[in-house]
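What Swiss-Prot says about this one:
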ACT_SITE  Asp13  active site, nucleophile
BINDING   Asp13, Asp15, Asp192  Mg(2+) binding site
Amino acid sequence: MNKFEDIRGVAFDLDGTLVDSALGLAAAVDMALYALKLPIAGEERVITWIGNGADVLMERALTWARQERATLRKTMGKPPVDDDIPAEEQVRILRKLFDRYYGEVAEEGTFLFPHVADTLGALQAKGLPLGLVTNKPTPFVAPLLEALDIAKYFSVVIGGDDVQNKKPHPDPLLLVAERMGIAPQQMLFVGDSRNDIQAAKAAGCPSVGLTYGYNYGEAIDLSQPDVIYQSINDLLPALGLPHSENQESKND
């Protein structure tokens with residue numbers, strides 16, 4: 001029995017699932033840290049902070065940067081810095097700076113993963129409604145989807161500011177299923193991280209975990225999704241569609 005035979009809609013995470021956004025996010029984080037005269041983190045470190053929305057990203061960046069600054073000053077024999085600004089206020093300032101810089105670099109620092117457009121097109125052609133659920137701040141979502149030419153595939157888009165509770169809370173997924181007019185168990189959710197799989201389980205949605213995303217450096221199998229795929233187009237046969245690579249071969 002195909003565990004996805006009752007699927008009537010598919011929803012996707014964005015960062016690490018459909019798009020590689022690490023370059024743009026890391027650039028904006030580092031520019032914001034630099035503006036506050038704090039150590040910059042670099043892409044490899046920022047990747048481990050992605051997934052819980054911009055506010056949590058700023059908290060993680062600030063915590064690391066203050067610790068790194070203290071370590072560097074101690075190594076150089078300098079006294080620690082007494083911050084006049086409370087950490088909460090610094091997070092707020094950092095977020096404001098991040099939003100400004102990310103708006104400048106988001107499009108040029110974000111790329112579709114392989115087979116994403118073909119897979120979305122095949123699912124849409126099958127008549128399945130498609131949704132997007134991301135913790136990314138809502139104002140950045142629509143312009144990014146348009147720039148990458150994938151906005152046309154989604155009938156429902158939920159950004160991080162559209163719900164009170166972000167993933168891993170089930171609310172965003174339940175809202176998408178409601179707007180699609182289907183039961184949660186009829187909506188497949190595809191993601192790359194622990195947050196995605198936890199949200200799917202809490203909402204009662206079957207889940208696909210992709211291995212190529214960020215996921216805080218953890219293997220996706222630790223989150224126990226219903227199915228694990230190496231590539232996004234691997235989910236097409238499970239939904240009764242030809243693998244996109246096979247389809248491309250037929251069209252050549």
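In case you wondered, yes, glycine gets a Cβ from its N, Cα and C as well.
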Residues that sit under 8 angstroms from the residue listed as 'active site, nucleophile' by C-beta distance, when 6+ apart in the chain: Leu132, Val133, Thr134, Lys167, Phe189, Val190, Gly191, Asp192, Ser193, Asp196, Gly213
CB-centroid shell, 8 A cutoff, Mg(2+) site Asp13, Asp15, Asp192, site residues removed: Phe12, Leu14, Gly16, Thr17, Leu18, Gly51, Thr134, Gly191, Ser193, Asp196, Leu210, Gly213, Tyr214
Asp15 (Mg(2+) binding site) CB neighbourhood, other CB atoms within 10 A: 24
C-beta crowding around Asp192 (Mg(2+) binding site), within 10 angstroms: 29
